[in-house]
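Asker: Handing you a structure now.
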């Protein structure tokens with residue numbers, strides 16, 4: 001478990017131009033230099049420091065957010081996924097910048113009255129110029145679950161997955177259901193399997209664009225595996241010795257898979 005330094009804001013904090021991490025974002029993409037978030041001064045990187053907003057700190061250095069549209073010179077943008085291998089605290093800081101950027105780009109107008117929104121200078125939220133309604137970043141709650149059946153783990157492949165990658169079951173939480181109910185429903189709908197012993201594992205913000213992944217472990221109860229091919233390309237039970245390519249390191253899906261395999265290995269010892 002990582003320890004994040006909390007930032008207490010009474011207002012939006014601007015950059016002083018000193019050495020910092022600079023997250024220049026557009027959608028779920030950001031500017032990387034040699035695969036890393038640029039570090040240094042605003043002057044060094046020719047960035048408009050007056051438009052940079054503090055979103056976090058990493059190793060005692062500030063992490064600033066800038067929208068790519070606010071920079072005169074175009075910078076090559078790369079998916080946030082390219083940072084999955086970096087330290088988790090820095091990845092989460094970059095994720096925060098991406099989500100604030102998404103907020104500023106997608107909540108430009110007030111859904112209450114249609115007025116123009118602007119970035120509120122008391123907190124990181126968009127506010128309507130006319131009716132003054134505050135609009136915070138949208139966060140979509142999702143579950144993700146690793147299901148174990150004796151010495152095997154349930155893994156699924158989605159049509160969007162490349163290189164034959166398999167992962168665990170995931171889905172969005174519906175209105176009026178608990179997280180545990182969502183776990184049971186998603187597994188049943190996508191695979192025909194009924195699960196039991198549902199238990200919390202951890203969470204991960206997932207800025208693609210604005211999800212919060214809440215992870216669970218569960219055990220097989222009953223049912224015959226019948227993949228929903230409108231959602232999945234394949235689903236199957238896999239043992240330690242016959243694993244397919246799985247989700248990359250840095251994802252909570254990979255952490256769930258590794259935990260389940262470790263539990264299986266311990267039981268086999």
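Residue 1 is the first one shown; counting continues down the chain.
From the backbone N, Cα and C atoms, a Cβ is placed for every residue, glycine too.
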Asker: Write down the one residue from 81, 108, 162 that Swiss-Prot lists together with 136, 204, 205, 206, 207, 208, 209, 210, 211, 253 as binding substrate.
Answerer: 81
Asker: According to Swiss-Prot, which of these ranges is motif 'Nudix box': 171-192, 215-236?
Answerer: 171-192
Asker: In Swiss-Prot, 190, 231 are given as binding divalent metal cation 1, so which of 170, 247 is in that site too?
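Answerer: Of the residues offered, the record points to 170.
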Asker: Could you state the CA-to-CA distance between residue 131 (Zn(2+) binding site) and residue 210 (substrate binding site) to the nearest Å?
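Answerer: With the alpha carbons as reference points, the distance is 25 Å.
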Asker: Have a look at the binding-site residues (170, 253) and report the one with the fewest Cβ neighbours inside 10 Å.
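Answerer: Sparsest of the binding-site residues 170, 253 by Cβ contacts within 10 Å: 170.
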Asker: Mean pLDDT, the domain 'Nudix hydrolase' (137-260)?
Answerer: 95
Asker: Can you name the residues of this chain that are 6 or more positions from residue 113 (Zn(2+) binding site) yet have a C-beta less than 8 Å from its C-beta?
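Answerer: Set apart from residue 113 (Zn(2+) binding site) by at least 6 residues yet with Cβ under 8 Å, we have 128, 130, 131, 133.
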